Amino acid sequence: MGRALHLLSEEPESFKAFADLLKRAGGCVAIDGGLATQLEQHGADIKDPLWSALCLITSPDLIRKVHKEYLEAGAEVLVTASYQATLQGFEARGLTQAEGEALLQKSVTIACEERDRFWDQYIDHLRLGLAESGMYRRALIAASIGSYGAFLADGSEYSGDYGPDMTKTKLKDFHRRRLLVLADAGADLLAFETIPCKLEAQAFVEILEEEDIQIPSWLVFNSKDGLNVVNGDSFDECIALAANSKKVVAVGINCTPPRFIDGMIRAARKVTSKPIVVYPNSGECYDGIKKEWITCTGMGEKHFISHVAEWRESGANLIGGCCRTTPITIKAISKVLHDQALPTSSPSQVPTLQKSEKSCSDQTLRLNFVPLSPSPELH
């Protein structure tokens, strides 16, 4: 390991919780897995243009349940149910802009509340001797912002084909208000996900700069060949573009077959010293026309997990799962990372962070948790 990561020591206070989390984890943490996958496991019907965001309207308690399952599995970053939540999408369902903005804020509030509830319960259990010190750290909340293709709901986030008339200005106009609402909703960071082309990455980075967004962001791209993002743009160039922004704390890959991940981590590490985020899909392929996942060359869950240590060694700093992964996947990832963590102080220490006394909108809440014990059991 031994890499010197760019951890933003001189950045604003709002950026430091992210750096602290990585530092206290020994450089690599588990993030959550497929939200929509797990919602469907619990009976949600999300075959809808809003996809998982439909549950913000119809069944928010299911979102809470899934967030809790990922926290119990050891996720240290929760991604909100806003990936396919857009003001334009809500308007198409007859909602006003105010109602749409309230739903965006709700996606963050749900995640914050469930995180705080879980953490408070863990602290209570520690005091009562019902839990081990070092089993969990207080998770961060990442507000998800999906690509324009996700709004189209035609699978174009897996192709990046937005037509010949698409421009950076149009993309900025589409994304700007949603980005501003989510940035002000109380999340710890913004997660720009499944970016299929360099043009959209440019749009995101420019909005962050133009609006002087004060919480950190990560940008992650998807690929079909392990060399380029899905529309054919150079992966290396996309990573460099994102990493060059002072508003971006991490870059990486999501919703990409696991077999490509190690090579892409190594490619990204040659371009940047910033933390690298990876959350592959299960290895299946998505048919945007039929709107279903189909079996293709990939790997089973055991094979997926067998690569986690390799991904970490290659330079990944945040590892989780995307479509078709579950809390079982994240529990296994978390255990691998916990087992490999190198404690820097006595594992017998107890966290000194008090029960949550600040609202989820307090973006400067400081983490104060000791390193993980060598081989905790996750319950």
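Note: Cβ is positioned from N, Cα and C throughout, glycine not excepted.
The domain 'Hcy-binding' annotation in TrEMBL covers 17-337. The Zn(2+) binding site feature in TrEMBL is assigned to CYS255, CYS322, CYS323.
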**OP:** May I have the list of same-chain residues other than CYS255, CYS322, CYS323 whose Cβ is within 8 Å of the Cβ centroid of the recorded Zn(2+) site, in sequence order?
**Re:** GLY34, THR194, ASN222, ASN254, THR256, TYR279, PRO280, ASN281, SER282, GLY321, ARG324, THR325
Original post:
Hey, what's the Cβ neighbour count for CYS322 (Zn(2+) binding site) at 10 Å?
Top reply: 26
Original post:
Which of CYS255, CYS323 has the fewest nearby Cβ atoms, counting only those within 10 Å, among these binding-site residues?
Top reply: CYS323
Original post:
Taking all residues of the domain 'Hcy-binding' (17-337) together, what is their mean pLDDT?
Top reply: 93
